[in-house]
Amino acid sequence: MLFSLRRLKKLANLEAFSDQKVIDSLINLGFEVDQITKLNEISGIKFGQILEIRKNPEADNLWICKVQFADKIREIQTAAKNVIENKQVLAFIPGSKSGNTTFLAKKLRGHISEGMLISAVELGFNKHLLNSELDQGVLVFDPIFDLESNPLKVLELDDLILDIKLLWNRPDGNSYLVLANELAAFFKTDFSLINKEISGKFYSELKIINKTDSKIFALEIQKLPKLALVDIFLLLKSEVKIGNLAQNFSNFILIYTGQPSYCLQLEKHQQKVELIEQKVKIKYEPDTISSYHFLNQEKKPLLIPEFSDQIIMENNSFFLIMPKFNLLKVKQIKQFLKKNSLKLTQLGKNYNYGTTFIALSFLNFFLEDQKIDFSWPINFDKSLISKKTFLDLNYNELKEILGLELSQEDISKTNLILEKIGYNFDNTSFSPPFYRVDIEFFADYAADFLRFYGLEKLKDCKLEQVKAKIPNPDFEPVKLKTLGYYETNSFLLISKEENFNPLELKSQDLLTFPSQEHTKIRYSLAWQLAKITKYNQKRKITEISLYEKGSIAGWNHSLALASTIYTSEDLKKHLKILYNYDFDFLPADSEFLNPEKSQFIYLDNVLVGWLGQVAEKYNYENVNFLEILLSKVEKIPKKEGGKIKFRPYDNSQLKYRDITLSLPMKDIPDPYLKVIQKIPEIFSVKLINYVIINNQQKITYRITGPDQVCAEIDKFYK
């Protein structure tokens, strides 16, 4: 968001501090000042009042204006047709500068022009953001300014525009009041615009019937305020397009408080408004979208936010609607409209009721200053922000997190500063500011503590000398490529309906997401591998082996294999090649898996993965999968191997024994094979036959080894 440095300094009472010091403090407070732009390069301009206008007889489109300035009367020629007698203007007079240009008195078409009248564009504002009133010629306004005063100061035109990038979890920061409050706390100056009380002059009779899952608050205001010229300029500095009085007022509340709002006007006999969701269509677009509609008592639309505004009569009472719409719905509307306005952007952020309270508190101050009556808030109760979340205080943990030796005086002084931005402390706990949504853990408080304690107080630490160690190379990609697998990459997010969860992991619900197809953090890599496999099968590729390593729900890191070539037994061997652990395989009981062809993988009695085929309902019966949770496997220490012993070379021929296991259909051979594999010096165990007879599995394995292996097997079976 773009901020005016002049306005921030004015709100926070920082006029005594240099621009650079205030900018540095914003950076120290954790706000990324991405760009600093000077509004203009002008100096020496003056206020003037037009006394008389006459046409230049020697020119078709020039007017001679007699203008009263503080020091004298000057005649200035202009082609602007919107000049009016007794109105005030801004002017470059002889000696004024704009960039490298110095203005002088100059003869034009037979008459001396002692300067130039100024338009909004010449002050540095974007022409495309101006309304017709500001763009019809030079700036003309009512005679309210002292001609002795400096326009650059009074209208805040000697300004720097700061492009401040805010973290996604600080939607409250899109507000002049919140930033000014933090600056005032940092510099220990007074700031009183965020009060703890809200009031009203009367109680509104409006009833809002809300048939949506959104929250709607409102304020009845007796007259539409007209923004001062300096506040119109503030909107332009924020790259907000100037509109009618209602739009300007709503946008001013937005940049000042962070609360989006809309203006709504009812006929006097109407006491009820209904909020519903229904389809809306815009011109030249074939599609429709469900959006919010404010209806009157006759069920006719009064306002469709972001689609159609209501025309507000200036001198009649109206309602300022302050919504907290469903974030998903806002995102859909934003994509449908292909619109990226400041209001829509803020509507899509997770601001809380504290932001609405700040808006109501500021409106109390602003409307009283304008001598405009307003109601008590509609639907808003202070209890919405009085329910505080308390977190335990642990100053030893604070010192450990920050790596600082903090005295009790350091802690007390910093906590006093934090109280100015809304923290509350007692002996053992604290509650965060009522408008913040980012303070959930003690570490969040520690980060705020450091911001106001001072980043510059972090001491340089001498790095401990460590011995260089060459990391072990990662051979997994090479091994997988050698085994014939191709790497894939897929999205971390997946649709709710497709979220395949055989290991019963838990995931966070997302407040915002890119689309309906990407609403949940995936529980498994296998589902996307299955879809990639099916896509390639449709392309007549039948022999497919794929793998992916990536993140899944619960901060887990996973490896998944999918193959139409390899059997489940092959995948077990590949797992052993990749990770030399002694895994156990047990029958899998999961709605997501085929119970007859799937197994869970355990390591030291910890569930670390699954193997086999997905449930038949998914129609992927010819694809075998293996998925292993690497983050769990890595936590289990490897068992150290025994001491290596060398024996004399034995050149005798290897022999084999064929063993057939007869098992029930849901049983698996792994526990029986583990018993056999305990026989020392086995060379290999291979599956050579698998049949089903009378609902029994007949599984034949060939065990190869030297004479003593065959002797042990013969002994075992006897």
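Each residue, glycine too, has its Cβ placed from N, Cα and C.
Per Swiss-Prot, the features are:
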- D438, D444, D448: Mg(2+) binding site (BINDING)
- 39-153: domain 'tRNA-binding' (DOMAIN)
- 386-460: domain 'B5' (DOMAIN)
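In the three-state DSSP assignment, the secondary structure recorded for D438 (Mg(2+) binding site) is coil. Spatially close to D448 (Mg(2+) binding site) yet at least six residues away along the chain are L418, Y423, I439, judged by Cβ distances under 8 angstroms. Mean predicted confidence for the domain 'B5' (386-460): the pLDDT average there is 89. Around D438 (Mg(2+) binding site), the same-chain residues at least 6 positions away in sequence with a Cβ under 8 Å from its Cβ are L167, N169, R170, D444. Within 8 A of the CB centroid of the Mg(2+) site residues D438, D444, D448, the other residues of that chain are P432, R436, I439, E440, Y445, A447.
According to DSSP, D448 (Mg(2+) binding site) is assigned to a helical segment. In the structure as shown, the Cβ atom of D444 (Mg(2+) binding site) sits within 10 Å of 15 other Cβ atoms.
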